[in-house]
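> Mind looking over this structure? Questions follow.
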Amino acid sequence: MSSYDDQDAFEAASLSARAMAARPMPYLDELNPAQRDAVEALDGPVLMLAGAGTGKTKALTTRIVHLLNTGRARPNEILSVTFTNKAAREMKERVGRLLGQAIEGMPWMGTFHSICVKLLRRHAELVGLKSNFTILDTDDQLRLLKQLVAASNIDDKRWPARALAGVIDHWKNRAWTPDNIPASEAGAYNGRGVDLYAQYQVRLKELNAVDFGDLLLHVVWIFQQHQDVLEQYQRWFKYILVDEYQDTNVAQYLWLRLLAGGHKNICCVGDDDQSIYGWRGAEVGNILRFEKDFPGAKVVRLEQNYRSTPHILKAASGVIRGNEGRLGKELWTEAEDGEKVRLIGHWDGDEEARWVGEEIEAMQKGTRGMRPFSLNEMAILVRASHQMRAFEDRFLTIGLPYLVIGGPRFYERLEIRDAMAYFRLVVSPDDDLAFERIYNAPRRGLGEKAFQKIQMTARSNGVSLVDGSRILLESKGIGGKGAVELSRLIEGLDRWGRMVGSPEVSHIELAEIVLDESGYTAMWQNDKTPEAPGRLENLKELVKALEGFENLQGFLEHVSLIMDNDKSDQGEKVSIMTLHAAKGLEFPAVFLPGWEDGLFPSQRSMDESGIKGLEEERRLAYVGITRAEELCTISFAGNRRVFGQWQSNLPSRFIDELPEEHVEVLTPPGLYGGGYGAASGGIESRVAEADVYNSPGWRRMQSRSQQRPVSQPKETKNQVIDLQATSSHTMGERVFHQKFGYGEIVGIEGDKLEIAFEKAGTKKVVARFVCGPDDIPF
DNA sequence: GGCTGGCCCATTTTT
DNA sequence: TGGGCCAGCC
């Protein structure tokens, strides 16, 4: 192997010698029995089933330290895979801390993708690539696919390139190469999918490029076709560790199986109950099948939870119990009981947002008989990002600082991508996709027509777009302002290219020169739109980020794989994010709004994936609840505006699955008085109205609303109506609904009425939301 | 070649 | 309801 690895080996030897001297192993004493079990079972396959908050990272990192400490492996002989860069970074830090020194010598700790890049650079020629291949982001990928779709005379209205990208992505996740697609998929993308996939792969090879899926796919292919290469790595990686195993897709699974095929020293850590990425190719089956794949595997369950109170854990358990085919785990804790999970219903989404805002303010002050919570300790977790809007609007109105986590990442922003395209071109002028991105940014008077000319010239001469431009300019195939600007761009690229690696110009200076001389910075300086200053700010930040690298190439490599943006925002803020984004995080107080059937569980999930989809939604609910340390508040709204249309929803079926002894119902009586068990009809009236009135939560609500009215006039009105309209409805009765107007009852099902509205069509609504036509309060 | 109005559509997202 | 995208106009 390369000298790089020898260097690692050297460090490893000295490091492990030092570590050996440090025996006995105090780190083992810090573990509970199950964790210790998982750490000490070093040889052979191990499945560590680690529930939420059970100290999985601790076990994993200690295991690595133990491997080193016992002399089983040197740092560069351990393959340790995660899904995100963040997880990899955290793991490195924690191993370093345990060892008492930074670990430079673990080159094989990283994401699936970053490790695959390393492997593929070494063996690129085996798949017909050069080792300096570029990694395309989704944007480049889409542009390429659009070209292919256009060339195939396909109506991209009916068959958008985006859909094709989805299909190809799906196939790559399953490790299907174009000649390998099952017949059942032949109809994909109007029957052209397989053909276009093949074309796409050819184009990628021509461009000396790969997409994210290829990173794994190519390496798996190499391992399958070149036994010698595979064996080399099987020997080299003496121990394999995998984090979040429940999230692996088929390609990743094959990759791991191939690498572990020799010694089978593989330790997979995961939680089948937290598998929430099925829609992007993850296979829960991988973790469920582990013992079959690796006979004699040791299975260790981490069930002692160090995060949440018993009420929270039991509520979460109650929900997840509804799933079939689980490996089975029951979390427990030594913590004090704490607060029950709180449940509250609201009239509509706006009211829900208003209530959450006020509740957060109240909790900050430490009212409600609880300790004060700082804003940083609270989070709102939603199913879909469009739900965030109501909260943002509300928080802006009341001046509550918040932070949306997720959203467009730094490196996905337009200006950053443009700047990166410039850098890519400077480093490798053959990068046609980069050229296509910036040839007219800033505006150079080069439009579609000019680009086509460049493209044709390049094609017919078999050269890159940059060289095609040169030929076109020489042959005067293009004139006017465009020609002047184009030749200036090409000259610039040549000039900047010569500065790469120059001792006089640092790569940071070079980046500044490129952005200035190309006119890119000026473009945003002259831009009057409100976003322009922010974009300039981002560009500055980009240049600053270069400081951490030795050269532009190193930076580009890094960025193509690392899309994190570290939002180190100062000041206390409530976090708002999706449930997916919340996985792996924890907060003392968590709000889970929007628990309505159709929204959560999502209708689309259920329609598309049936019971499988519903189970994944249920796992999402489980993930949500288990993010909370001390206080978890679930809420739902009877009405919500969806695409501008009012829609009436039933409370989520997951609400019925919450064990009542761990739930405190805050819902004001009358607003949703039938008890939260009403949706299934199974646990009807277990929260009788009298109980609700007497519940401490309701009393607290009452006392608080005297200090500051929670209810807006509109809502108070409804409460009054609702109390009068206690569910004694009859078929055919004419009723009135606040949002839908007049209608006739055509079905009664417990607490729910099916009503044929005169204007809004037939809908199911909770009885409390309608009243007789004579009771209309206005 | 750039702007604007109308049309269509509308989870979850990492690398 | 609102954002992204395209066609058609200047």
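Cβ coordinates are placed from backbone N, Cα and C, and glycine is handled just like the others.
Pasting the relevant annotations from TrEMBL:
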BINDING   A:Ala50, A:Gly51, A:Ala52, A:Gly53, A:Thr54, A:Gly55, A:Lys56, A:Thr57  ATP binding site
COMPBIAS  A:699-712  compositional bias 'Low complexity'
DOMAIN    A:29-309  domain 'UvrD-like helicase ATP-binding'
DOMAIN    A:310-584  domain 'UvrD-like helicase C-terminal'
REGION    A:697-719  region 'Disordered'
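Show me how these features fit into the shown structure, please.
According to its DSSP assignment, A:Thr57 (ATP binding site) is helical.
Per-residue pLDDT, averaged across the domain 'UvrD-like helicase C-terminal' (A:310-584), gives 88.
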> Just name the most isolated of the binding-site residues A:Thr54, A:Thr57, going by other Cβ atoms within 10 Å of its Cβ.
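Comparing Cβ neighbours within 10 Å for the binding-site residues A:Thr54, A:Thr57, A:Thr57 has the fewest.
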> Within 10 Å of each Cβ, count the other Cβ atoms, then let me know which of the binding-site residues A:Ala50, A:Lys56 comes out lowest.
A:Lys56
> Taking every protein chain in this structure into account, which of the binding-site residues A:Gly51, A:Gly53, A:Gly55 has the most other Cβ atoms within 10 Å of its Cβ?
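In terms of Cβ crowding, the pick is A:Gly51.
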> Give me the sequence-ordered set of same-chain residues, not including A:Ala50, A:Gly51, A:Ala52, A:Gly53, A:Thr54, A:Gly55, A:Lys56, A:Thr57, with a C-beta within 8 angstroms of the centroid of the ATP site's C-beta atoms.
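Neighbours found: A:Ala59, A:Asp271, A:Leu302, A:Asn305, A:Tyr306, A:Arg307.
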> Does anything in the same chain, at least 6 positions from A:Ala52 (ATP binding site), have a Cβ under 8 Å from its Cβ, and if so what?
A:Asp271, A:Asp273, A:Gln274, A:Asn305, A:Arg307, A:Ser308, A:Ala316, A:Leu331, A:Tyr622, A:Val623, A:Thr626, A:Arg627
> Could you check what DSSP calls A:Gly51 (ATP binding site) once collapsed to helix, strand or coil?
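Going by the DSSP assignment, A:Gly51 (ATP binding site) belongs to neither helix nor strand, so it counts as coil.
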